[in-house]
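TrEMBL has this to say about the protein:
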- 1-249: domain 'Protein kinase' (DOMAIN)
- Asp112: active site, proton acceptor (ACT_SITE)
- 250-315: domain 'AGC-kinase C-terminal' (DOMAIN)
Amino acid sequence: VCAVQVKCTGKMYACKKLDKKRLKKKKGESMALLEKEILEKVNSRFIVTLAYAFQSKTALCLVMSLMNGGDLRYHIYNVGERGLEKDRVMFYSAQIICGILHLHSIKILYRDMKPENVLLDDNGHCRLSDLGLAVEVKEGKKINNKAGTNGYMAPEILKEESYSYPVDWFAMGCSIYEMIAGRTPFKDFKEKVEKEEVKKRTLNDEVQFQHPNFDEPIKEICKLFLAKTPESRLGSRNDNDDPRKHEYFKSINFHRLEAGLIDPPFVPDPSVVYAKDVADIADFSEAKGIEFDDKDIEFFKKFSTGAIPIPWQEEVIETGLFEDLNNPNRVIEVDSKSGICLLL
């Protein structure tokens, strides 16, 4: 992922590059296309926005919202003491829940809710990112294939049962717990434990709230999100079970929050890089022996749809280009003169 700037407007974005050969080698074409198609449907200030999709000679490119503030996992474990202040946890949880509710409203199941996938922008607002595991839920149907991150997967996924939207709320409970305690509910910080043990704990153990920042409202909302059965879980107990109405969020005005009118409790320092050192990030070698056929070429064309209408309109307005183009007194400057003389 790298930062890019649109030449005609000056708008900055993040560009996620998917290497074509590596994508084919890993058989990831359908997943990449699904992520792109889901991003096209999303229109929420709490989820990263797709602005452009195009291809270069070697890569498929997704141009999305630029989030310079780092991910929440980095802030939990690498900035100051482990865990986050309670006011930050409440603010981020409220924004994340709005993002999840938007996905569910358009029949999208996220399946990868965790602090690592929540990014902060320059002003301290957060957005959900990485919709690579997201899936569209057909009316009246459930999902059967196992997907997610160990430590955040709901019991019904671990038991390989069919599942739906409640799995996102279980992962939400894991994430709130982690933001407070600086560890996940079923695995201690830096504890060496096998996946099967984490699965066993998730299915059988009651969550312990030992951190001093776990006050009663936080404990209550975590317990409700971390209910073992989907029908007992906050957000899915009935058709009108809205997590935003929980006592924990009584001080949050969600109408103002959703309009972007509440100031974040933390603003990232623009001089700080909230990410691991480049030396700690693995570099991928080139995928060898991969050749593209006509089917691949068609897929690349299908992926490369250019500008996404709503984000493009917002960009034109935000950067002042719309106003400039519609100014009746606008003077069009000509940088160079033609060297051709035409006689009629």
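Note that Cβ sites are derived from N, Cα and C of the backbone, with glycine treated the same way.
Confidence annotation: the domain 'AGC-kinase C-terminal' (250-315) carries a mean pLDDT of 78 in the model. Secondary structure from DSSP puts the residue listed as 'active site, proton acceptor' in coil.
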